[in-house]
Amino acid sequence: MAGFRIYYVFIAIVVASSLAFSIYIHFPYPLNRDVFGNTGFLYSDIVYGVFVPRFLDVVSPFGSLDDSKISGYWYSREVVLKLVSGNIDVFSCPAPYRDYKFEYPPLTALIWYFSTCTSFLYVYKFVGVPKNPLDYRSLVSNYVIPIHFAIQSAVLAVSAILMAIYMIRIAKAVGSSWSRVLIFFVLPSTVIYMIYNWDVLTASLVVIAVYELINERYGVGGALLGLATSAKLIPLFAVIAIGYDMLQKSLRKEIGYEKITSFATGFTLFGAAPYMVVAAFFSKGFSDFVNHHMTWYCENCLYLPIVHDIYNPIHRILFYTLATIFMLLVMTVEISNWRKLVEVSLQAIATGIVFNYIFSPQMILLITPLALLAIPKTLIAPYIFADAASASIILMFFKDQEIRQAIAKYVEIPVKFSPWTIDSPVQWVATIRNAILLAAYIIQLYLLIKQQSSE
């Protein structure tokens, strides 16, 4: 018993250290502070990717309103003017989908609305109201952004802690080593991307959902998978695979009809309903949300070495085609035990990521928790290498031109800043990551199907 307690303490220390380091490198104060000489360490979507262009950059560094930013993100100039003048309250605080474009799903939008509005209202009440646009920019940089980051970090930190707890519980249930939980929290991508985007939130909801399904709490499991899908779209692949398996078992009278009804009800209330609410009340915002994802370019995707034009629609066609084919293969695997539940959930989610035309580097966090609990020992080392490659993408991203200059001394390569294109070392690393994950995906799926045929 003492040994187990020591192990728990060790895990807690590792998780806390990983979280602390991730918060430290991404903490946005001063806004453009130096972190190890690389902007890739400082950058996060929760600040620089989403907040800054919508809230800070509506005012230029010279103190004038930036009409291109306003028209590019906001639906009403009047809302921006009220925000910049400090003339907002709880009811008029700008909301995603309603007042400005927001490319993330409803649960993420709700958390975002809470953090942004809390930050602005707190600063305007206790620090001061902007005297002019330049003063607004100063208040946002020095006060609003750090508070917003702190709130988002708290949500993600709680998610990471819950992830650790439920990964341990699943490891015990399916016979995996607890050491794999430790591996997750020391992986480079975990440390860099944990406080970066909402992937840890989504992954934690999936992990908890799997645990609830292991304990046959189907309504709770469906609700949690619904919340996960309301945070990021990818968990929908797991819902399809699990739901199909439950439907087949129900038709064969192996499980009661009430179980699949409970699962479906939970998912509908917490997964489908939030999207329906947004579509009903904020049709313009929902339309822009859908268009954003339907028209996005090939971001670090599997097909770039074959189709070099990142805007070519063939990337999306390949994703829809291959994802459909491989999901059908995944759905042939019967969930005959709880380990199979973890493995099928992993394969389904990996299908939605590995073959996707959008594979942002932090998205690997959606795969890793279940992968470490499910894949054989022989795939652990290659997976760690793929994780390191995914972490390298953001660290190389802002250094693209410098890396090209160094390589150009030995190999002919265009010297420019273009980390999205196949001639970039950034995409070479992304291709290595994708190739390893594709190989691991196919091996794992082959083993599952082979085992299925022998049962």
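Including glycine, each Cβ sits where the backbone N, Cα and C put it.
TrEMBL does not curate its annotations; it predicts them automatically.
Residues 180-198 are the range that TrEMBL records as transmembrane segment, among 180-198, 199-217.
Contact between the transmembrane segment (107-127) and the transmembrane segment (147-168) is supported: at least 3 Cβ pairs lie under 8 Å, counting only residues 6 or more apart in sequence. Looking at which of 6-27, 218-242, 380-398 has the most CB pairs under 8 Å to the transmembrane segment (263-282), the answer is the stretch 218-242. Here the transmembrane segment (6-27) has long-range neighbours at 35-36, 41-44, 47, 146, 149, 153, 157, 160-161, 164, 168, 178, 181-182, 185-186, 190-196, meaning same-chain residues at least 6 beyond its ends whose C-beta is under 8 angstroms from one of its own. Long-range contacts of the transmembrane segment (380-398) within the same chain, counting only residues at least 6 positions beyond its ends with a Cβ under 8 Å from a Cβ of the stretch, are 38-41, 43, 180, 183, 187-193, 300, 361-362, 364, 368, 371-372, 419, 425-426, 429-430, 432-433, 436-437, 439-440.
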